There are 2 protein chains.
Amino acid sequence: MNFSSRLLENAVNEFSKLPGVGQKTALRLVLHLLNQSSQEVENLSDALTRLKREIRYCKVCGNISDSEVCGVCSANKRDKSLVCIVEDTRDIMAIENTNQYNGVYHVLGGLISPMDGIGPSDLNIERLVERVKTGEIEEVILALSATMEGDTTIFYIFKKLKDLPVKISTIARGIAFGGEIEYADEITLARSIATRVPYGVES
Amino acid sequence: MNFSSRLLENAVNEFSKLPGVGQKTALRLVLHLLNQSSQEVENLSDALTRLKREIRYCKVCGNISDSEVCGVCSANKRDKSLVCIVEDTRDIMAIENTNQYNGVYHVLGGLISPMDGIGPSDLNIERLVERVKTGEIEEVILALSATMEGDTTIFYIFKKLKDLPVKISTIARGIAFGGEIEYADEITLARSIATRVPYGVES
């Protein structure tokens, strides 16, 4: 692109480093910001620097937090013997939105992915093993994506935990509620028939 | 959404004020930035504040510029007697990319849009009339979008300039090169037949 200003070009280049943001989108966003008040732009810019500088991770579960221990880990009414293992904070938000889960979490911070150079040591797995070794945890639920990376990570964690006195489960896979069978993919459909449950048990 | 951190929530809220960015996209972008180095985040944040603080507009044409007069207006080889009137800097970038235009520009900074509360006095139109009154301009080309707002603005500028000694033209409308006639909209097709040109004249 043919920029009339270095400042403009610089801002567009920085924006287009974000995932899913190309040069054209970046330009649209930057021109939008140029039309906003200085205060608005400062707010965005400050929010980003403060986020990066001041953000902390819960020393128990590894979730993003403003304090040393996050709200979930420090809540009295949460069941500390049940730990749900998730990839990142977005999964916690999704599970919390269901209002059905009363245990605590453990955030891995990613999934094992040799293609992206992410090995087990890059993830928050050692800390999970330590947590389980304290003996306070009765069950861990592996709530990871049903992808190659997710399955690899599940298998690795399973191997790490299988000799410890803890129950290991994974979330149920199957046809979604409201999902139509004719549109389901073959693997999910085949597995959901193979792992069928007696009627009346689920609810 | 159920944020585990105020800092995170704040950053997501600021991001989701951008056009076309919802809360989910904002969260994805913010989590991506959290995984980047502090330097990367500072770069983005600085680029935005500097852009807003230091950006200048060319005192001749109103385009975004780093100096008092922009690169196009200060170039010796550009034809100063031909002025192309555009909505914003994106249009200049598009026209410059064609490498076919040798005149200069005039940036309105928007289009007349009563629905959005934008009237002629909010646009860079008075300065255009002054430029034409100097007598140095032989022709202005109205290169505005073929929308209600574009047409209103063209009509307003035409009224302002019609008694001055300047030729006023608009860019040609018609079927795009490579465009298929069966997919063209009715208005464009009808107009392109009505305003047909003798074969061999265009190229």
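For all residues, glycine too, the Cβ spot is worked out from N, Cα and C.
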Where TrEMBL places zinc finger among the ranges A:58-73, A:154-169, A:186-201: A:58-73
Chain residues outside the zinc finger (A:58-73) and at least six past its termini with a C-beta under 8 angstroms from it: 83, 89, 92, 96, 104-109, 124, 127, 131
For the zinc finger (A:58-73), mean pLDDT (0 to 100): 92
